[in-house]
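Now, the feature entries from TrEMBL:
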TRANSMEM  15-33  transmembrane segment
TRANSMEM  107-128  transmembrane segment
TRANSMEM  135-154  transmembrane segment
TRANSMEM  206-222  transmembrane segment
TRANSMEM  234-252  transmembrane segment
TRANSMEM  304-321  transmembrane segment
TRANSMEM  328-354  transmembrane segment
TRANSMEM  366-387  transmembrane segment
TRANSMEM  399-419  transmembrane segment
TRANSMEM  431-448  transmembrane segment
TRANSMEM  715-733  transmembrane segment
Amino acid sequence: MPEDPSFVARRHTRWVAPLILLALTTGIFWKLLTKQYNWLDSPDLAFQILPWFQFQASAWHAGEFPLWDPHLWGGQPLLGQMQPGAAYPLNWPLFLAPLHNGHIQPFWINLHFLFSHYLAALFCYLLCRDLGRSNSASILAGAGYALGGVLGTIGWPQMLSGAVWAPLVLLFYFRCLRGCHPAANAALSGAFLGISFLSGHHQIPSFTALAMGGFWLHYIWIQPNRMRALRQPAIAGMLLALVGALQLLPAIETGRLSLRWVESQNPVFWGQSVPYIVHKQHSFPPSSLLGVFIAGLSREVDPFLGFTLVALALLGLAACWKRSEVRLFGALAVGAVVFALGGFSVYHGVAYLLFPMVEKARTPAIAFFLAQLALAALAAFGLDAFRTEEIRQSTFVRSLIRGLLAFSAVAWSITLASATVRQETGNEYEALSLAAISAIGLAVLLHASRTGRIRESSAAALSIALLLFEFGTVTTANYQHRENKGGSLYKLTQHDDVVDFLRTLPAPMRLEVDTDDVPFNIGDWEGLEQFRAYSGGLTANVARFETDRLNGGHLAPMLFALGYHLGNDPMRDGQQQVFQGRAGLKVYRNPEAFPRYWSVHEAATVPSAEIIRRMGEEGGNLRRKALMTASAPPLETCGDGDELRLTARSSSALTFETTMRCRGLLVASETYFPGWLGYVDGQPAPLHEVYGALRGIVVNQGRHRVEMRYRPVSVYWGAGLTLLGLLTALAAGRYQMRAPEKA
């Protein structure tokens, strides 16, 4: 039988909207296609994120899944840090992309960045289509969510990746709310929230989970059988935990054994709350609400959404109030703004006290992205409502037009008056003028559509065009041009001659880095090893060595084998300069550093609280005597002469050939952490935490092959649970496709 022509037409036209969204996304970020601009020129991105990505790309190209980062602080768990984004599947193609001179290429990073924005736009489009909105209205909503405001201007790829999935979380929740396969849709909603947690940053997924908690309470409240209705949120929570397990389990394990710097006077441990004063510093100031309409009037996050999106959202809220989805979006918008106010709102303080993990999300301003999502969806309702004659001729629309014209007149007047008495110092006059232009443009568009001078399709297209005009004044405004020399990215290549020299030194070699002179993580970026790095957290066993080092102690240089110091000036007496780079950066040799691997034949147990003091008293004797906080293994005493040779090394494994004169302890100057396993001649052997932070393994007399492998149970269990969750979600999706829909 010949195909139904109408079906063929639908099949071909269903790709039009996604292609339009792709074109809009590419158009907004046109600067990146010129290869003249970049969005990475900030300290966090250039000094921390790019080196993390570089290390992971190098590991993937070496045939390894990066579980352990050996380049920073003597080695740290990678997935447990969460922020590197190692567990996020959409990052993996980026890490596998071709390298240039061994480094990850900006082209692929930009492509990944664009693709993330496109997915956010596409998923918001699908949400609105599923709510019965027209193609054009859904396109406007997708662009409104992904291309401006928080998502359009956020630099952290981990946070952007977390926000990508929020529309799908809501899409399947609303299906559940409508009574369409409640269990299956609850599972899918929870699964997509779990994927959000895989993204690499906890804040946006945590805020989404908090909002969904409120939505599920609403779901339970309106059901006739509330006890039975508990099944759906329970299913969603279970799928969230399963799908997110690959990231959540390692993060919990690492968090319990680490401390975190949070911009307070002291770092915090897992069981300690982030001080509320930090939340107050990163709150959304009430004055920043003006930044929704006027570019530049904001702090912490950029909330700029423009007149078009907000006006249509208000119209959708007023015209479609009877729809439960609209009321929920309205509640989400208001609730997100109130929460984002942080320290300016008592309700955030209550949430800080009552809800788990809220206190660890120290930037409440980021929650504004949920208001942006809600307003984008409401704008889709508003654009569709404006197609009806009743709404076009309503008092609300007439008042809206008058208000836009009045704002424009006031804005121009203020600009003119200010320009006559004070010269512009930044772009404040341009920002106000652009807001006035946008207000006039929207007023003219509404009036022309209201009076029938343009068709509905033209009005929709012009609304999208005006939205893009507004976003285009802000979204890429802070991108740096390549002719602007200096900046954070410049520092990555400023000391290439020093790096070339360091590569000539015998490996393995670890650097003591002055982060004032070398602020970026040179270890991850160049494949070197460094002690002290640009990081937000650190395992507690290593942190006490850093505290001792900063107080003038010598334990870290000795035990962590910091053979060389990198900085403009020496760190302590006795360091010998061996190289100076063109930019003035110097390399000093640390004569007190121990070798990377050594053996001892004496071990003693000391209380954990005293180990730093006791090791300080022992000094150089630590080269022959190991101190431990657990029971020391029995060793044999004999003279020097043990032979140790490192034969293989990867990011997650070490292999030695040893010849021991008698039973002794092989010490590796590498961070001890759960998941590291020891093997002697292929047989499991206990791995000990020696000197409070390093790895040690007992080796008997004679010749032996010794291995240390990182096999974290939390990662393997997490991977299995994530796979189970994804398969469950896939089964739920297939069930929906095959089973008849029940409203």
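Heads up, the Cβ atoms here are built off N, Cα and C, so glycines get one too.
Heads up, TrEMBL stuff is auto-annotated, nobody curated it.
Keep in mind the model is a prediction, meaning the values are calculated, not measured.
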Winner by Cβ pairs under 8 Å against the transmembrane segment (366-387), considering only 15-33, 304-321, 431-448: 304-321
For the transmembrane segment (206-222), sequence-distant contacts whose Cβ falls under 8 Å of one of its Cβ atoms, 6 or more beyond its ends: 162, 165-166, 169-170, 173, 176-177, 189, 193, 196, 229-230, 232-233, 236, 240, 328, 331-332, 335-336, 339, 351, 355, 357-358, 360-361, 366-367, 369-370
Range from 15-33, 107-128, 399-419, 431-448 with most C-beta pairs under 8 A to the transmembrane segment (304-321): 431-448
Cβ-Cβ under 8 Å with the transmembrane segment (715-733): same-chain residues at least 6 beyond its ends: 67, 79, 87, 183-185, 187-188, 191, 194, 198, 239, 241-250, 675
Long-range neighbours of the transmembrane segment (328-354), counting only residues six or more past its ends (CB under 8 A): 207, 210-211, 214-215, 218, 273, 276, 279-286, 289, 301, 313, 317, 321, 364-371, 373-375, 377-378
Interface present between the transmembrane segment (234-252) and the transmembrane segment (399-419) (three or more C-beta pairs under 8 A): no
Beyond the flanks of the transmembrane segment (135-154) by at least 6 residues, Cβ under 8 Å: 16-17, 20-21, 24-25, 28, 117-118, 120-129, 160, 163, 167, 301-306, 309, 312, 366, 368-369, 372-373, 375-377, 379-381, 383-384, 457, 460-461, 463-464, 467-468, 470-471, 474-475, 478
Cβ-Cβ under 8 Å with the transmembrane segment (431-448): same-chain residues at least 6 beyond its ends: 293-297, 306-308, 311, 386, 397, 400-401, 404-405, 407-408, 411-412, 414-415, 454, 459, 462-463, 466, 469-470, 473
Folded-back contacts onto the transmembrane segment (107-128), same chain, C-beta under 8 angstroms, at least six residues removed: 17-18, 21-22, 24-26, 28-29, 32, 35, 38-40, 50, 53, 90-91, 93-94, 97-98, 137-139, 141-147, 151-152, 157, 160-161, 163-168, 170-171, 174, 373, 376-377, 380
